[in-house]
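As recorded in Swiss-Prot, the features of this protein are as follows:
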- 2-168: domain 'Obg' (DOMAIN)
- 169-349: domain 'OBG-type G' (DOMAIN)
- 175-182, 200-204, 221-224, 301-304, 330-332: GTP binding site (BINDING)
- Ser182, Thr202: Mg(2+) binding site (BINDING)
- 383-469: domain 'OCT' (DOMAIN)
- 529-563: region 'Disordered' (REGION)
Amino acid sequence: MSDFVDRVTVHVKGGDGGNGSAGIRREKYKPLAGPNGGNGGDGGSVVFVADRNATSLLDYRFMPHRVAGSGTMGLGDNKDGSKGEDLILPVPCGTVVFEARGEQGKAKHPGAQLADLRHEGDRCVVAQGGAGGLGNIALANKTRRAPGFALLGELGEERDVILELKSIADVALVGFPSAGKSSLIAAMSSVKPKIADYPFTTLVPNLGVVIAGDSRYTIADVPGLIPGASEGKGLGLEFLRHIERTEIIAHVIDCATLEPDRDPMSDYHALENELALYADKLELPLGAIPIPERPRIVILNKIDVPEAKELAEFVRPEFEKLGLKVFEISTASHEGLKELNFALSALVHEMREEVANREQAEEEARVVIKPLETKGRRPRRADEGGSALEFTVERRELGNGEVFFEVRGVKPERWVMQTNFDNDEAVGYLADRLAKLGVEDELRRKGAHPGDEVRIGRGARMVEFDWDPTISAGAEMLDGSNLGARGKDLRLEELDPRTHRRSNAERRAQYHEMMDARAAVRDAMMAERKAGHWADPTVDDDRHDETSLFGHGESSEDGETEE
């Protein structure tokens, strides 16, 4: 099995965010000191990085499933969870990342291009990690001072991507099968490709580094092309993409072929036609030179054969009339290789400068609008408002006549994932958020009634429930209610002196009530004094008669009250 793999499908998943904590602070003499649950850690992301030491995508064929680290849950004492570790995956320079499209269980095909990792260090985040859930200390506010719940961490992004390697070489050797391309790259570099005397010996591209004095450049040996390669015939369509990144195209022509209806000029025009058809389908990167405009050279091979030598001298003027540089070589005797080597080196140096100038000019001409920088992947505020444009509500009807309402939107779907439906307070908090966003108003506008089925999200993350409209976003809006707002612990309210602060009117009313009580006591004492209770020594102080402050008359021995 070849160790060269230039296309693979990889399943990537970002790490899940950690759950928030719903801890309650406990101290000596303060059994209920308020919330102190920390936030969950964010999940790690899956990142592809262009690495010059990577040469193939073979590792991803045997290990196609890659998952980043998940964040840990928050803890009490306001301790946040740790962030999941990012998964850094090296790929060869020249790798293009595509979105994979296709039905589940079937072969995927490339969709939209996500990134073009052409240079060393280029990065692409293909699966974002999930955000950690907020702890109850982050959910607290002036009306919800002791939340008994926390938010769950979000799931990491999960998707299939296709990695496609397009070799980055300075020179591409193109030609018919058995034209001597592999022999040429073996003679000019240290690469040892498979060489045999039958067509299509080369099944994968070979890259070799060639040294010419103080400079060096790379050559790509592309498998043999035949007429119809741009439409998928032979092996050409699989490897024509390796020509996209080369700046110079070298036609290797076999002057010793014995096949009928073939000659150097017809071979050249046939291959040029295939390259032109393939170039029409390409979307070139920034600063790239279109394939038809790239410089060409013609290499007439196998001149060690006398008949081939004569044919090369005969067709050379025809190629020169087309403005092409022609080199006569023999890979067997190494004749003409030195001249070819230094000529290619000079041409490569010239093209590198031209490409650099093109990229700089294109970059300066672009208008870049930078978005506002925000810390984190989303606002850390719990009660996020919004407008109706951030979600959609559609009325759906099933085949059996049942009707349901489908809610789609980034915020509603994320809030559903963050909610622990085993906690009634968390469910009520979700209802408040949806009402504040305007979901309930939109449901009413679409004709929804209490008890109708509502679905939020899609796929495995979808949540179904019977709609029960809230009352002005919760109990905290009900004046005079003893229920308290969601997240309000009445035990804490009793311990907080701020909740018992009296108004001036209440202070005046309490003062007048106290003064009236004192006046009543003074009047009772004056009545006892006038009755002589305090001046008569024969009166028992413990006796309670009708003149006493607490007396109601004294009973006689026969049970009758004395007058």
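In case you wondered, yes, glycine gets a Cβ from its N, Cα and C as well.
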Segment-level pLDDT (mean, integer) for the domain 'Obg' (2-168): 88
Inter-residue Cα distance where the pair is Pro223 (GTP binding site) and Ser182 (Mg(2+) binding site), in Å: 9
CB contacts for Ser178 (GTP binding site) [other CB atoms within 10 A, all chains]: 21
All-chain count of other Cβ atoms within 10 Å of Ser330 (GTP binding site): 24
Where Ser178 (GTP binding site) sits in the secondary structure, as DSSP reduces it to three classes: coil
Cβ-based isolation winner (fewest other Cβ atoms within 10 Å) among the binding-site residues Gly175, Lys181: Gly175
Surrounding CB atoms that lie within 10 Å of the CB of Ser182 (Mg(2+) binding site), all protein chains: 25
Assigned conformation of Lys302 (GTP binding site) - DSSP reduced to three states: coil
